Amino acid sequence: MIIHFTLNGAPQELTVNPGENVQKLLFNMGMHSVRNSDDGFGFAGSDAIIFNGNIVNASLLIAAQLEKADIRTAESLGKWNELSLVQQAMVDVGVVQSGYNDPAAALIITDLLDRIAAPTREEIDDALSGLFSRDAGWQQYYQVIELAVARKNNPQATIDIAPTFRDDLEVIGKHYPKTDAAKMVQAKPCYVEDRVTADACVIKMLRSPHAHALITHLDVSKAEALPGVVHVITHLNCPDIYYTPGGQSAPEPSPLDRRMFGKKMRHVGDRVAAVVAESEEIALEALKLIDVEYEVLKPVMSIDEAMAEDAPVVHDEPVVYVAGAPDTLEDDNSHAAQRGEHMIINFPIGSRPRKNIAASIHGHIGDMDKGFADADVIIERTYNSTQAQQCPTETHICFTRMDGDRLVIHASTQVPWHLRRQVARLVGMKQHKVHVIKERVGGGFGSKQDILLEEVCAWATCVTGRPVLFRYTREEEFIANTSRHVAKVTVKLGAKKDGRLTAVKMDFRANTGPYGNHSLTVPCNGPALSLPLYPCDNVDFQVTTYYSNICPNGAYQGYGAPKGNFAITMALAELAEQLQIDQLEIIERNRVHEGQELKILGAIGEGKAPTSVPSAASCALEEILRQGREMIQWSSPKPQNGDWHIGRGVAIIMQKSGIPDIDQANCMIKLESDGTFIVHSGGADIGTGLDTVVTKLAAEVLHCPPQDVHVISGDTDHALFDKGAYASSGTCFSGNAARLAAENLREKILFHGAQMLGEPVADVQLATPGVVRGKKGEVSFGDIAHKGETGTGFGSLVGTGSYITPDFAFPYGANFAEVAVNTRTGEIRLDKFYALLDCGTPVNPELALGQIYGATLRAIGHSMSEEIIYDAEGHPLTRDLRSYGAPKIGDIPRDFRAVLVPSDDKVGPFGAKSISEIGVNGAAPAIATAIHDACGIWLREWHFTPEKILTALEKI
C-alpha cells in the first residue's frame with residue numbers, strides 16, 4: 001500500500017504494509033523520539049506524536065491510518081543545535097534524568113501551551129496523564145511549565161529552581177545544566193536501540209511456562225529449518241560455565257548458580273531456547289516450532305514454604321566451593337541430583353542449598369541477655385513486604401557485533417566493567433578482545449546492575465558472526481528481570497520506660513527467587529542501613545535468604561534498606577505507643593548523632609568485614625527533624641472530617657556512598673592543545689547526572705569553565721576501571737577519582753606554567769578562566785599544552801586518579817507524611833509528603849532535587865499501589881504496566897516537597913555524599929505510622945490497600 005502524509009511539515013510517500021505499527025514505522029524513519037516502552041499498549045506515552053492536531057500514542061495506530069494525516073514528532077521542536085522554549089525549560093529545571101521519554105514530554109507540554117496560555121495544575125495533570133516517568137517524580141514538571149510560560153513573555157525570565165550552596169566554591173553547589181540533557185530531550189541518537197544496524201539479527205526467547213520443572217525432551221530442528229533462522233541456543237549447545245547474573249566486584253559474594261541455559265526450570269519465564277533470526281517476525285514464528293516436554297515439579301513460592309522440612313529443593317545440584325568448603329559438603333553432595341549441572345560458591349556465605357538457603361549471616365555486639373534483662377518493656381513484631389518491580393522506562397536491551405576479531409557490546413548497563421569481565425569469561429575471550437560501550441541508560445534503579453541478556457546476545461554474535469539485537473518486552477521485564485526481594489523481618493526491642501533502647505534484635509528473612517544474585521548483600525543491607533540509625537549497646541541480627549520459584553530478584557534501588565527501615569521504624573513506633581511517647585520524641589531519644597560510632601557495622605560486611613568501626617562523620621538529622629517538624633506542623637490539631645481521619649507519620653533514613661575496602665574507581669584527564677579538557681571516567685552515568693558531577697569537580701579543581709570539560713564515560717576502551725553505578729557510589733567513588741585526577745593534572749600544569757613564567761611553583765596558582773597566574777604575569781592552559789606538544793616539548797599533560805577508601809560517608813534524611821484515611825471505604829489519600837535529605841554538599845542542587853522526587857515517588861508507589869502477584873502455580877499475574885500500579889502524575893501528593901539540608905563530609909569530594917538512592921528508604925514507614933495516627937491501626941505488611949485498612953478496622 002502507498003500512503004501519503006505530512007511528517008514534521010515535509011510531505012511523505014511510502015510503500016507500507018497497511019497493518020504496520022506506526023511507532024515502528026516512524027522510528028525506522030529516523031524519528032527516535034517515538035519509542036516503545038510498553039509493548040504497544042499506549043500506557044507509557046514514550047511513543048507520543050501529534051496526529052492531526054491531537055496527542056496520540058503511535059503504537060495504537062497502523063500505517064493505513066496515516067493516509068493524508070499530518071504528523072508531528074518531538075523532532076519538530078527547536079532546531080538541530082537549538083532547543084525549543086519547552087526543551088530549554090526542561091534542561092534548566094533539571095527534570096531530564098534518564099531522558100527516555102522526555103522528548104514525548106516536551107511534545108506534550110508544547111501542545112498544552114499552544115492550546116492554553118497558562119494552564120492550571122489540573123490541566124497540566126490531564127495533559128501529562130498519559131505519560132509514564134519512573135525517574136523524575138513529576139513535581140519539577142510544574143516548574144518547567146511555570147518557566148516556559150514566563151519566558152513566552154520574557155525570554156530572559158527566571159524562576160526559583162533550586163537553592164545554591166558553598167559560596168566559597170565556583171561551580172560546586174551551583175546551577176549547571178546536565179551535560180547530556182539537551183541531546184536526550186531532542187531525541188538525538190544515544191540509546192542502544194539507536195545504534196542497531198539494518199543487518200542485525202534479532203533474538204527471541206522461549207521461556208518456561210512452569211515455575212518449577214525439568215526439561216525431559218527438547219527438539220529445535222523444525223525451528224532451525226525455518227528460512228531466516230540463523231541459530232538456536234539451548235542447554236545442549238551453550239557454554240558449560242556457571243556464573244551469577246549479579247554485577248558485583250570479583251570474587252562475587254553470590255552463588256554462581258546460573259548456566260546460560262539449563263535443564264531445570266526454576267521460574268515462569270526461565271530460559272528454554274533463544275532463536276536468532278533475520279527478523280523479529282521470523283524469530284517469533286520459530287518459537288512456535290520448538291518442541292518441549294516437561295516434568296512439572298511442585299513450586300516453592302514463599303519463605304515459609306522454602307523453610308518447610310519437606311520443601312522441594314530449588315537448587316538440588318552438587319555444590320563446588322572455591323575456598324572455605326564446609327565439613328558437610330561431601331554428605332550434602334551425595335544427596336544431590338546428578339544432571340551434569342553444579343553450583344559454584346566463591347567463599348563461605350552461609351549457603352545451604354539443600355535447605356533452600358542461598359545465603360545467611362549472623363552478627364551481634366554487646367550482651368543481648370543483659371540488654372533485654374535491663375529493659376522495662378519488651379516488644380516483638382513481624383513485618384512483611386512484597387515483590388516490587390523497577391519498571392525502567394527503557395526495557396533491557398543489548399546490541400552486539402564483531403569488529404574484526406573483537407566483540408563489541410552496546411549495552412544499557414550500570415556496570416560496563418563487570419559486564420566485560422563476565423561476558424569475556426562466558427564466551428571464552430580475553431578481556432582486551434571485548435569492548436563494552438555503555439550507551440545512555442533509560443532507567444536502571446538497580447535492575448541493570450545484573451547481566452540478564454547481554455551474555456546471550458554476545459554468545460549469539462560469537463557463534464554466528466552476525467550483529468544481534470536482544471530486547472526485552474515489557475512482559476519479560478516482569479518475568480525475567482530481577483525485582484525487589486520479598487522480606488519477612490522480625491524485630492525485638494527492649495527499652496526503658498523513657499523509651500531509650502537497651503537491646504535490639506532483627507531477624508531478616510528474604511525470598512531471592514530462583515537464583516542467588518545479591519542474595520547475601522541485599523538482605524544484609526536491611527540491618528546494615530537501619531540498625532545504625534538507632535545506636536544501641538546490645539544488638540543482634542540474623543539474615544537468611546531463601547531460594548524459591550517466584551520470578552527473579554536482585555538489586556533494586558535501596559538494596560534491602562527499605563525493608564529493614566520499615567521494620568525498625570514501625571517497631572519503634574509501636575514501642576512508643578505502648579510507652580505513651582510521641583513517635584518523633586522516641587526517635588529523638590534514640591537516633592544517631594554526628595560523630596557517633598556505629599558499632600554494629602563492625603559486624604556487617606558485603607563479602608568481608610569492615611577494617612574499622614564506621615562513624616557518622618557528618619549527620620544533619622537534628623536540623624532535618626527540626627525543619628520537618630515545622631513544615632508538617634507535627635503538633636497541630638488533626639481535625640476529623642466525617643469518615644476522613646487525618647494522621648501524621650515520620651521515618652528517618654540513611655544510605656551509604658559506595659562500598660569501602662571493596663570497590664574502586666579510576667579516572668584520567670587530558671589537557672587539550674587549546675586549553676580544554678577531556679575526562680576519561682570509568683563511571684557509569686545512568687541518568688543520575690554523574691557525568692555532570694565529574695565535569696563540575698574537574699572544573700572546580702582546574703579553575704576552568706565547566707563548558708571546557710568533556711567527559712567520556714562508561715566505555716571500556718576509552719576509560720579506566722570503575723566498579724559501576726551501584727551502592728550509591730557515583731559521587732564519592734567516581735567523583736573522588738575525578739577530583740584526584742584533576743589535582744594530579746593541576747600539579748603538572750602548575751609546574752610547567754611556572755617554568756614558562758620563570759617563577760617558582762610556590763609563587764603561581766591556577767585561576768579562572770584557565771590560566772596559571774604568577775607575580776610576573778600569566779600563561780593560558782592552551783599555551784602550556786601547545787608548548788608541551790611541540791618537537792622540543794614535554795609531551796601531553798595527563799592526570800590520573802585512583803580512589804579507594806576504608807571510610808564510609810552516610811547520607812541521612814527524614815520523610816514526613818500526612819494522610820487522610822476514610823474509615824468507611826478504606827481509601828488512603830496522601831495529602832502531604834516532605835522528603836528532607838542530607839547529601840553533604842549538593843554538587844548539582846536542581847538535579848539532586850530531581851533525584852529525591854523520583855526516588856520518593858517510587859517509594860510511595862511501593863507503599864501504596866505496587867506489587868507483583870502470582871497464582872498458586874507460580875504464574876505471575878502482573879505482566880505489564882497497566883496492571884502493575886506504578887504512579888503517574890495524578891498520583892503524587894498534592895503537597896510534595898524535597899529539601900536539601902547540607903552538611904560537610906570529609907570523605908566525599910568537596911563535602912558531597914550520595915543522593916539518588918536514599919530517597920526510596922522511608923516512604924513506607926512514614927505512611928504506615930501516619931495511617932496509625934489517623935485511625936489507630938498497625939499495617940505490618942506493605943503495600944497498603946483499602947482492603948487491608950478495612951480488615952484492620954474489623955469492617956470486613
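Quick reminder: no glycine exception, Cβ is built from N, Cα and C everywhere.
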Item to check | Mo-molybdopterin site partner of Q414, A727 (as recorded in Swiss-Prot), chosen from F372, F445, F677, F781 | outcome: F445
Item to check | Shell list (Mo-molybdopterin; ref centroid = CB of Q414, F445, A727; cutoff 8 A) | outcome: G444, G446, K448, Q449, A555, Q557, Y559, I686, G724, A725, Y726, E917
Next on the checklist: Are there any residues at least 6 positions away along the chain from F445 (Mo-molybdopterin binding site) with a Cβ closer than 8 Å to its Cβ? List them or say none.
Outcome noted: R134, D135, Q390, C391, P392, Y556, Q557, R858
Checklist entry - Hey, what's the Cβ neighbour count for Q414 (Mo-molybdopterin binding site) at 10 Å? => result 26
Item to check | Distance in Å spanning the most remote Cα pair of Q414, F445, A727, given for Mo-molybdopterin | outcome: 11
